[in-house]
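First the structure, in the form of structure tokens, and then the observations on it.
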Ligand code: CP
Ligand code: NVA
């Protein structure tokens, strides 16, 4: 690719002002789309998408988003590529950069995604790694603000597993200046490097054991699966996570207008009850929709379009 471009690897790698610009653009693009305005700033561009883990939302929202922007996509799975026969990430990055204009990758180790970005000469977008899921949290901040106004100084509460989605939420707490209570069982704490980064970047994150304490007077309760992709060896059902389920009793401890968020897919009856996820305070399908709008803004930002 000729000309300047930017990678979208992590919220910690992008300044608060840039992230805010992306969200403002996402809101404007959503509005223009709903008003019937057609815009094709990425006409002629091709996005390659590499999936080394399953996906519904990320796959479809990037595909549709790229088409709406006038571009095209190529869907690749790791197992069908020479990557699955141990061609290196670095060589793959160099080869793909000769064919396509941007690469989105969903993979296991965070270092694979970073290595791809290091060696690609086109923008690389993180579509989820074992460590983070920044596109999801951009959509989540957008969704919160659509319903309740600026996130600044609001209290978010996470209950459940200390996973990749939480890590990006912790980064967002520093980048967008909201408070975050995290309730996790022993052994499921977020990785130390995210707590350390958050602390040294003005994040207001408190990690605790009690979900009841974490959600007290919260403006938004967020959870996710207890068993992330690649962790299927973990026991499901009644286990250490049971007290961390988001149910009506837990929701009642938050503010009356507190939103409920989940990146989906949800495991109903495990981390969240039907009453909550289908209830009036749940915005899970708005989050899913906003993946489309937020990622179109991310794509445009990567290309400077
Ligand atoms: N939330 C999310 O990333 O969903 P998919 O795994 O379906 O892409
Ligand atoms: N934490 C989940 C998110 C899925 C979108 C996982 O990594 O499987």
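Think of each number as a place in line: the chain as shown, counted from 1.
Heads up, the Cβ atoms here are built off N, Cα and C, so glycines get one too.
Positions annotated as domain 'Aspartate/ornithine carbamoyltransferase carbamoyl-P binding' by TrEMBL: 6-146. Annotation comment: TrEMBL describes 55, 56, 57, 58, 82, 106, 133, 134, 135, 136, 263, 264, 291 as carbamoyl phosphate binding site. Annotated domain 'Aspartate/ornithine carbamoyltransferase Asp/Orn-binding' per TrEMBL: 154-302, in sequence order. TrEMBL lists 164, 224, 228, 229 with the feature L-ornithine binding site.
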Find the shortest Cα-Cα separation between residue 55 (carbamoyl phosphate binding site) and the binding-site residues 164, 224, 228, 229, and name the residue that gives it. 229
Averaging the pLDDT values of the domain 'Aspartate/ornithine carbamoyltransferase carbamoyl-P binding' (6-146) gives 97
Fewest neighbouring Cβ atoms within 10 Å: which of the binding-site residues 55, 82, 228? 82
Closest of the binding-site residues to residue 263 (carbamoyl phosphate binding site), Cα to Cα, picking from 224, 228, 229? 224
Determine which residues of this chain, when 164, 224, 228, 229 are set aside, have a Cβ within 8 Å of the centroid of the L-ornithine site's Cβ atoms, and list them as they appear in the sequence. 128, 130, 133, 161, 163, 165, 225, 230, 231
Between 135, 229, 263, which of the binding-site residues has its C-beta surrounded by the fewest other C-beta atoms within 10 Å? 229
Could you state the CA-to-CA distance between residue 133 (carbamoyl phosphate binding site) and residue 229 (L-ornithine binding site) to the nearest Å? 13
Return the residues near residue 57 (carbamoyl phosphate binding site), defined as same-chain residues 6+ apart in sequence whose C-beta is under 8 angstroms from its C-beta, sorted by sequence, else 'none'. 263, 264, 288, 291
Counted with DSSP (H/G/I as helix, E/B as strand, rest coil), the domain 'Aspartate/ornithine carbamoyltransferase Asp/Orn-binding' (154-302) has 59 helix, 27 strand, 63 coil
Output the one of 133, 291 that, of all these binding-site residues, has the highest number of other Cβ atoms within 10 Å of its Cβ. 133
Which ones in the same chain are close to residue 224 (L-ornithine binding site), with CB under 8 Å and 6+ residues apart in sequence? 160, 161, 163, 165, 166, 262, 263, 271
Maximal Cα-Cα distance (Å) across residues annotated as binding carbamoyl phosphate, namely 55, 56, 57, 58, 82, 106, 133, 134, 135, 136, 263, 264, 291: 31
Taking Cα atoms as reference points, rank the binding-site residues 164, 228, 229 by distance from residue 135 (carbamoyl phosphate binding site) and give the first. 164
Enter the number of other CB atoms within 10 angstroms of the CB of residue 164 (L-ornithine binding site). 25
Checking proximity to ligand 1 here: which binding-site residues out of 82, 135, 164, 224, 263, 291 have their Cβ closer than 6 Å to it? 263
